[in-house]
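Here's the structure, in structure tokens; my notes come after.
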Amino acid sequence: MANVKLISLLLVASFAIIIRTAISGDRDILTDFIAPPNATVDGSFFTFTGFGFLVNGTQLPADKFKVVKATMAEFPALNGQSVSYATLLFPNGTANPPHTHPRAAELLFVVDGELQVGFVDTAGKLYTQALHVGDMFVFPKGLVHFQYNAGTSYAIALSAFGSASAGTVSLPGTLFATGIDDAVLAKSFKTDVGVIQKLKAGLAVKP
């Protein structure tokens with residue numbers, strides 16, 4: 001009887017894992033596309049113009065890293081299509097801090113300048129690479145990764161995602177700007193509360 005119960009528990013656990021795996025990405029849709037209720041659908045619905053600044057001479061940010069997204073939130077026609085896009089803008093000396101995308105891998109293509117990139121696998125191994133114009137790099141789904149412009153010129157990259165809403169979890173922001181107790185963080189990082197409070201102050205939103 002004990003063996004039967006054990007087998008039943010293992011089957012239930014396996015089924016739960018299969019279900020979680022099956023829905024960890026975008027769901028398949030049963031229509032060609034998903035339009036908002038009562039929306040007029042024409043060619044403009046399938047058009048996104050938010051990247052025009054790359055070619056129309058718009059002044060790029062001069063001192064801070066910036067990302068311009070084309071996800072389901074900005075481009076509703078992507079709903080159900082399992083794809084999205086982003087433009088990453090790196091003034092020299094700026095970084096896209098360590099973060100993850102829980103719902104998609106990221107395929108990054110360097111169109112201008114140079115970038116140092118890397119990710120850490122689940123065994124704690126760091127993989128890094130120097131990228132130049134025309135290079136492409138893949139960040140596996142869900143793994144912590146970063147990009148850094150160590151050069152002296154501007155860098156621009158385009159990123160494609162296998163989800164209409166890949167999600168971004170910024171490690172610095174998630175850890176130090178969401179109200180996690182100082183004592184918990186101090187114990188986790190093997191430091192004291194004073195250090196944690198300084199980190200939190202540095203990440204606080206400026207008025």
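For all residues, glycine too, the Cβ spot is worked out from N, Cα and C.
TrEMBL annotations: computationally assigned, not manually curated.
The feature signal peptide is assigned by TrEMBL to 1-24.
Helix first, then strand, then coil: DSSP counts for the domain 'Cupin type-1' (51-197) stand at 24 helix, 55 strand, 68 coil. The domain 'Cupin type-1' annotation in TrEMBL covers 51-197.
Taken from TrEMBL, the feature oxalate binding site applies to N96, H101, E106. The Cβ neighbour count for H101 (oxalate binding site), using a 10 Å radius over every protein chain in view, is 23.
Under the heading Mn(2+) binding site, TrEMBL lists H99, H101, E106, H145. Around H99 (Mn(2+) binding site), the same-chain residues six or more apart in sequence whose CB sits under 8 Å from its CB are V144, H145, F146, T168, V169, S170, L171, listed in sequence order.
Listed in chain order, the extra residues whose Cβ falls within 8 Å of the Cβ center of the oxalate site residues N96, H101, E106 are A86, H99, T100, L108, F139, H145, Q147, S159, F161, A166, T168.
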